[in-house]
């Protein structure tokens, strides 16, 4: 009985974990500095909370949890479950809970349940795993983390500007200096749909246009034909593929092209105001790029749309988000709570940082100092030193067995511990400890106090 | 359709989360300083990994995940699932995955699967939620966090000493100064079972004795009678209820009482060596107390047993652990991997700290500074200041709408933001910002630079 992992799931061993923690800590600290507050919701939600929120495909991809106890009791009480047994008929009778599929629906549920205790605008961040019963494949997992920050309860475009700033801060703090932050506004897409004579079809337009990067212009047009877009409408659409250049010049061209669409003009004005606000922060080099073809396929965005890609690697978007009109509408609330949010994908950020060697040298660093006493007398010297090193916030450990020196040094190498302190009888007598730098191989003699001063300085 | 939480699960809103993060961060930092490395395993494990590891009751309490897709397909192919449908017969055909029940079994699976890549001794910590289909009641949840640190691959009692030290450090860093760290050794219980003429019955003895605190001596004896302990054996057992006093004197009495049990003598010697090692670290006031009745009911402990309780509150143990003989034996490995571990219970620690008001004032602190501009000109002053405050690692935000001042101050109060910076036309002209301390109500005039100097100093 050889144990194995559930397909599509992963263990994260010490080295990966240390790097992942660097990413989590960086994102969390940045969220916090921007005034977002932490929230955690349970892994399990009632299926009534989850079902119907992610479309039919999403419902299929929910992991369902079998009811506890004698879940099949009463199954034969009526005829509904007589053989042949159908999954659809059986499901609601044996499972009423499911695993979190994203962080947005649990957030909306939380807001609905705690609405009266919340001060609006409410800014929350949430960093937790989600589960999807997708077919596992390279880069697609059944368990993965999402890191979301949202502000709800205000229409202010300052929130959009804040998100643009926060993306810059997260990237800078992670060390990803080369990135593109594409922005668009859903209202511009709506205006384009109007302009080309397909009003109300911005959803279909968005889904197709969203694939431009992957499948190219011709196939996007084919897909639109398949969705009932006429040749006239596609001809009218052509300018969308050629509006490039500086944000100002693109905005100017869009204003002209979409002059007759009030919605588009509003989208353009929102984008201009957002970028104007961003420019006031005194940011060194804003990485914002207007991309009219950015759609992110999601029908629930109603205003700003964001997408972040790292440059120099062929890894998809590492962050994305946008403004939505009504967070809690799926729960039948009458109050309209508009919001805007951003989500960071830890797995992709990890891949980018690994490929570009951006992790700081100490991100995977565990123990900094290994004490290696040769006998009980050496231990008597090592133990108080161990305590002092830790009090000085240094990760330190002592090899627990009295083994051969080579074995202890092998252990240090395997754990990539940079400093090893050898404590033999000579060291015990003189108080001069032998400190070996495992990277350079250089040894020197230091007293305990000098060692502590050294490690806390470096 | 009013949404609700799954019974036995909880949301953690901003204030609770901030305090919980203080606990998590403190424990994590301490684990790290002691040379433990992080590990995370998936929430879902194969049921073949989980089943049979926690006893029959544990198997019942596993949350099982329904197979994806058409899980009932083929259910009628043979007769095993004809009505009446039995949960036991049905289960293996519709569910092959379950949710993590603790962190030990996934850790053991990880070690078995990665044995050849691991440098022994292997020190890992793991802080993740676990799920149990228990009947929810006060203080018992279906989802809760465990924070475990274990070292496997060595018998050295230094590891026991390290755990004692680490408990002291975690408690000190949390601010829980008043606590008792009870220690015992399973071999002493084994020796007692031998001594009283019930060799091999230390398991039953441990389970009963473990309840001493809760049900008292008489009921413990009744339970033992029920488990087949004779009156003679119970009479012989009596000294266990009266061995109190200093650790040294208890050890001396035990040595004498259990003179004929080699196993007990080994347990006593192990305890003495562990305490001797602990004494060498130079710890101020060790909180270790030998308690011969400490058993923690778990059959898999083979050596040291630990339990931590906070003093001055009637909340159960907040931490516990011990040495086990073979971590990976449940997976049929031939290599014997002895280990010792400790587990911290975040929920109980939270309750202790809340009841004793031990959370530092800034543990629940979110945003430190709220900027309140009165108009677009005020915003132009506020935005670069916002950026500068964050660069100085201060959590700062700006009220996103141009609302009434009262509304903005209410927002600051609701979020417990201690400093509000008012930026009206006068402030824009003079550069002297009005800084209001929301706790004292005191207002003063500061320039942007003075404000930054002030918040980074405080």
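Any Cβ shown, glycine's included, is placed from N, Cα and C.
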## Note on the structure
Given that TrEMBL records A:102, A:103, A:104, A:146, A:150, A:296, A:300, A:301 as binding L-histidine, the matching residue among A:93, A:115, A:132, A:135 is A:132
### Task
Taking the Cβ of residue A:296 (L-histidine binding site) as the centre, count every other Cβ atom within 10 Å, in any protein chain shown.
19
### Task
Mind telling me which of the binding-site residues A:104, A:146 has the densest Cβ neighbourhood, counting other Cβ atoms within 10 Å?
A:104
### Task
Tell me, roughly as an integer, the mean pLDDT over the domain 'Aminoacyl-transfer RNA synthetases class-II family profile' (A:1-373).
91
#### Entry: Neighbourhood of residue A:301 (L-histidine binding site), C-beta criterion under 8 angstroms, separation at least six
A:186, A:322, A:323, A:324
### Summary
Cβ neighbour count (10 Å, all chains) around residue A:102 (L-histidine binding site) is 17
### Query
Three states by DSSP: which one describes residue A:104 (L-histidine binding site)?
helix
